Amino acid sequence: MLEDVKRVILVLSGKGGVGKSTVSTQLALTLKEHGFKVGLLDVDLCGPSVPYLLNLENHSVHQGPEGWIPVYLDTEQKLGVMSIGFLLSSRNDAVVWRGPKKTSMIKQFLEDVCWQELDFLVIDTPPGTSDEHITVMENLRQVPQCSAILVTTPQEVAIEDVRKEITFCRKTGIPIMGIIENMSGYECPVCSECTNIFSSGGGKSLAEIAKIPFLGSLPIDPRVGKLAGQGVAAVKEIPNSNTSKVFSELVKHLTESSANGES
Amino acid sequence: MSGHPENAPQHCPGTESEDAGKASACAGCPNQNICASGAASVRDPAIDIIKNRLSNVKHKILILSGKGGVGKSTVTSLLGHALAGTNPDINVGVLDADICGPSQPRLLGVRGEQVHNSGSGWSPVYVTDNLSLMSIGFLLGSPDDAVIWRGPKKNGMIKQFLSEVDWGDLDFLLIDTPPGTSDEHLSAVQYLTEAGLSGAVVVTSPQEVALLDVRKELQFCQKVGVRVLGVIENMSLFICPNCSSRSEIFPATTGGAPQMCSDLHVPLLGSLPLDPILARCCDDGRDFLQELPNSPAVTALKDIVHKIVKSCEGTSS
């Protein structure tokens, strides 16, 4: 089903809660704003966040003649989304599954979803280096145009887990496009003093040590936090924010490297 | 683990039943043969070994959250320090069941230590005289080493941690878990139910995207029959170190943990503010309770610990 997908971007992080889903959704929305046809696949089965972030809860997936039809954010069908959240009857339902069941679900997501032609497929993953990641990697091995973006926060305790994810990518042969540092500083809305709550610069120094491109740092911006649950692109709502600049740069980088035929 | 396989028909008698594989409902079930052979009703011998091993542990507490990065490990290490700090006669053990992303060695400041094997099992690493830790982090050669394991291997590791670590006499065993509702959680509950699990402390942050996953975790607890001791809301307020004004970095648009707790009828244990110094202490592995004993976070934490101890002692007596 992935033959018609031009590029696959995996969003990874060893650590949870660093902003993988926020980066995935904003990246997909920014690509859509630039006129690309985008798919977003959420393989976090125990904690799917994408339907909520894009305001698509209560939508359901339909079975078409060629496979599952993803949920589309817009009527022009520029951004299609697939998540286990669409298959649960209540948003409070827990998916209490061991590895083998998760593996077969992800295989179905990769093989049975009818994405049609896509410029980009963004895959949002859960934290860790286990069943979900191994399955995605095994199934994407044949897809040559696949690369990974790593998300981290600046503090050591997150960096430590992301280093493990880098090892995972290297062992499994997934090219790493770069590292994004999220939640790097918080500007007090009263006195404008910038506090590095979770310290700062960790992502950049990790990128230097691991010899991986650094794709930018995203500040803690309550305006971006408020976009969660609305399904709108930061580049559209708050075009002058640092967040928008990072995502615009990222999309530029992606389109240029695609044009040059790199992965 | 419930005795009913996931793919069983509606009237499955249960794998431990005498009728397993023989009832009329079993016809056509893919598990019929294995049930009829009696193999499914054989108990995992590890359950008894673990029960025996942990018989000197008074209270076993799981630290859970559906969501990652909300502070499960931070809260676990704080609880560990707080419980062990109140009284030198109280012994506390911390088991890090996060196999792919172990954080406890860093948070408790014992990175690079080694686990020793003796006749009575693996000796945990001692952070203080009465606070010990076991984590897969101690078994890795380098911090870059990734543990690329599927479920069964992770389960085997957790089984080993529970059955082979020589904790000695413990008052509290805190089990830090990874995010989700999958292998690690099911295994921990499966192996600990017989040994007597006091309950679970669930950690969340205030924003809806975290609560969404935490509600799933509460449903998990209900499904597998684990008592919820209560919910801790972490990162609830940020107090600017410059102007002392309070702001909500992760706004509780849907009422935060208090609303969720009243909706789902679980106790709220308290809220911990977002403190940059706390984050730094975690990175450096210092004991925040000793560094800043008068901070609002420590006051809130002590209150939470008090509630947990009371709740645990209420069940055991």
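Even glycines carry a Cβ here, placed using N, Cα and C.
Record features, source TrEMBL:
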BINDING   A:Gly14, A:Lys15, A:Gly16, A:Gly17, A:Val18, A:Gly19, A:Lys20, A:Ser21  ATP binding site
BINDING   A:Cys188, A:Cys191  [4Fe-4S] cluster binding site
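Packing around A:Lys15 (ATP binding site) is summarised by its Cβ count: 28 other Cβ atoms lie within 10 angstroms of its Cβ, all protein chains included.
A distance below 8 A between C-beta atoms marks A:Lys15, A:Gly16, A:Gly17, A:Cys188, A:Cys191 as the binding-site residues from A:Lys15, A:Gly16, A:Gly17, A:Lys20, A:Cys188, A:Cys191 lying next to chain B. There are 28 other CB atoms within 10 A of the CB of A:Gly14 (ATP binding site), with all protein chains counted. In the three-state DSSP reading, A:Lys15 (ATP binding site) counts as coil. Of all the binding-site residues listed here (A:Val18, A:Cys191), it is A:Cys191 whose C-beta has the fewest other C-beta atoms within 10 angstroms. Rounded to a whole number, the distance between the Cα atoms of A:Cys188 ([4Fe-4S] cluster binding site) and A:Gly16 (ATP binding site) is 25 Å. Ranking the binding-site residues A:Gly16, A:Gly17, A:Gly19 by other CB atoms within 10 A of the CB puts A:Gly19 at the bottom. Rounded to the nearest whole angstrom, the C-alpha distance between A:Ser21 (ATP binding site) and A:Cys188 ([4Fe-4S] cluster binding site) is 25. A sphere of 10 angstroms centred on the C-beta of A:Lys20 (ATP binding site) encloses 29 other C-beta atoms. Counting in whole angstrom, A:Gly19 (ATP binding site) lies 21 from A:Cys188 ([4Fe-4S] cluster binding site) by their C-alpha atoms.
Neighbour counts of Cβ atoms within 10 Å were taken for the binding-site residues A:Ser21, A:Cys188; the minimum is at A:Cys188. In this structure, A:Cys188 ([4Fe-4S] cluster binding site) belongs to neither helix nor strand by DSSP; it is coil.
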